[in-house]
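Noted in TrEMBL for the protein shown:
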DOMAIN    16-51  domain 'EF-hand'
DOMAIN    94-129  domain 'EF-hand'
Amino acid sequence: MADEKDKESSEIVVAELHRKIKEAFEVFDHESNNTVDVREVGTVIRSLGCCPNEGELHDLIAEVEEEEPTGYIRFEKFLPVMTNILLERRYRPIPEDILLRAFEVLDSAKRGFLSKEELVRYMTEEDRRTEAQRG
């Protein structure tokens, strides 16, 4: 009896994931033909709460793309792959507390914010300690 409840619960979870995936996919299916431009697949995936890096996204696209790439991804190929990703909780975003600690390290003056200039410098300049370690 417990196994049957677990099976029903699992089927409900999968059905809900399928609904969410279909809704997200349809937002970018501009032709209403169950396809999405390959350049928008990352946005679809991120709208479902996943944050793959560029390499992971490239691998994902290769997995769902046609053998002869058309520039479009079909829903029928996308659905099972995305369902597994969501069930396995892959590509989760970095937890908020870790991001906050990283921000606090950068905000050495403890102002509670970074200026545009500071953010640009942190994002574009290579850390001198890293250079010294390679040296």
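Using the three backbone atoms N, Cα and C, a Cβ is placed for every residue, glycine included.
TrEMBL does not curate its annotations; it predicts them automatically.
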Restricting to the domain 'EF-hand' (16-51), report the mean pLDDT as a whole number. 95
Could you break down the residues of the domain 'EF-hand' (94-129) into DSSP helix, strand and coil, giving a count for each? 22 helix, 0 strand, 14 coil
For the domain 'EF-hand' (16-51), how many residues does DSSP put in helix, in strand and in coil? 23 helix, 3 strand, 10 coil
